[in-house]
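Over in TrEMBL, the protein carries these features:
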SIGNAL    1-26  signal peptide
DOMAIN    52-74  domain 'Glycoside hydrolase family 19 catalytic'
DISULFID  Cys52-Cys114  disulfide bond
ACT_SITE  Glu96  active site, proton donor
DISULFID  Cys126-Cys135  disulfide bond
DOMAIN    179-189  domain 'Glycoside hydrolase family 19 catalytic'
DISULFID  Cys233-Cys265  disulfide bond
Amino acid sequence: MAFSASYSLALLSFILFSFTSWGTEARGFPISSLISKELFDTIFLHKDNNACPAKNFYTYDSFIKASRCFPRFGSTGSLTTRKREIAAFLGQISHETTGGWPTAPDGPYAWGLCFKEEVNPQSVYCDSSNTEWPCYPGKSYNGRGPIQLSWNFNYGPAGKALGFDGLKNPEIVSNNSLIAFKTALWFWMTEQNPKPSCHNVMVGRYVPTEADIAANRTAGYGLVTNIINGLECGKPNDGRVNDRIGYFQRYAKLFNVDTGPNLDCENQKSY
């Protein structure tokens, strides 16, 4: 099979970039060795504020227990890569659940995990054309949990992977803190072709296809945004994208790591 010159160059760049990132997986070193309860509480300063509907829902213990079900999360590559991935994950879920505003106390990026369910959903998020994961009558698949899991085609496989009936009982994602965090990590770790997993992007294991190269889907935090909500991409200076970046930048500083390149997806085509 013949490859274009641009694809061959991109593949070579990927190999060279990834060589130092793959490294060894830090087995035996739990997530709690990188993010203590004190740091977790500093990151999510106002998650238990009286103004937050998710008050007392998103606990540190639930996050740590959920992470144990995904041993590659925060354990792949160098120490910097591991910390950066955790910061990126927390930055994305913070935007999805933000209660912040420009003049909020402690700044707009101190209000992650304020919500556990989408406010005033505009639909029940049922893709009736998806016969593999058919919608259950009377159920809504609106955004829930840290990643705001949405649509029947996400609830179904998430439930199958995690041991609950996502189609018949989607409400459990906003009623059970452990399951809520598990769904967010499941989404983060799972490749959904043609989308790579967010995990692989952040640890340097993303291999762009020719279609990715043509769509300018370059590795970095911006590509993760594209995976989670590509509707925000391809737009100049999108406020939602900037909010995601703001959270990530704050958290990266707290972890004492750099963010890496390609923070936005302004010049990327969505999937």
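Keep in mind that glycine also has a Cβ here, set from the backbone N, Cα and C atoms.
Note on proximity: of the recorded positions Cys52, Glu96, Cys114, Cys126, Cys135, the one nearest Cys265 (disulfide bond) is Glu96, by Cα distance.
DSSP labels the residues of the domain 'Glycoside hydrolase family 19 catalytic' (179-189) in these numbers: 11 helix, 0 strand, 0 coil. Comparing the disulfide-bonded residues Cys126, Cys135, Cys233 by how many other C-beta atoms lie within 10 angstroms of each C-beta, the top residue is Cys233. Remark: Glu96 (active site, proton donor) has Gly143, Pro146, Ile147, Gln148, Ile228 as non-local neighbours, by Cβ distance under 8 Å and separation of at least 6 in sequence.
Sequence-distant contacts of the domain 'Glycoside hydrolase family 19 catalytic' (179-189), counting only residues of its own chain at least 6 positions beyond either end whose CB sits under 8 Å from a CB of the stretch, comprise 57-58, 62-63, 65-67, 69-70, 72-73, 89, 92-93, 116, 144-147, 149, 154, 158, 161-162, 164, 172-173, 197-199, 228. Residues 25, 27, 30-32, 34, 37, 40-41, 44, 46, 82-83, 85-86, 89, 97, 99, 111, 113-117, 146, 162, 177-178, 180-182, 184-186, 188-189, 199 of the same chain, all 6+ positions outside the domain 'Glycoside hydrolase family 19 catalytic' (52-74), place their C-beta atoms under 8 angstroms from a C-beta of that stretch. Mapped onto DSSP helix, strand and coil, the domain 'Glycoside hydrolase family 19 catalytic' (52-74) counts 8 helix, 0 strand, 15 coil.
Proximity of Cys114 (disulfide bond) to non-local residues of its own chain (separation of 6 or more, Cβ distance below 8 Å) is seen for His46, Lys47, Asn49, Ala51, Cys52, Pro53, Ala54, Thr97, Thr98, Gly99, Gly100, given in sequence order.
Ranking the disulfide-bonded residues Cys52, Cys265 by the number of CB atoms within 10 A of their own CB puts Cys265 at the top. Rounded to a whole value, the Cα-Cα separation of Cys126 (disulfide bond) and Cys233 (disulfide bond) is 23 Å. A Cα-Cα distance of 28 Å separates Cys135 (disulfide bond) from Cys233 (disulfide bond).
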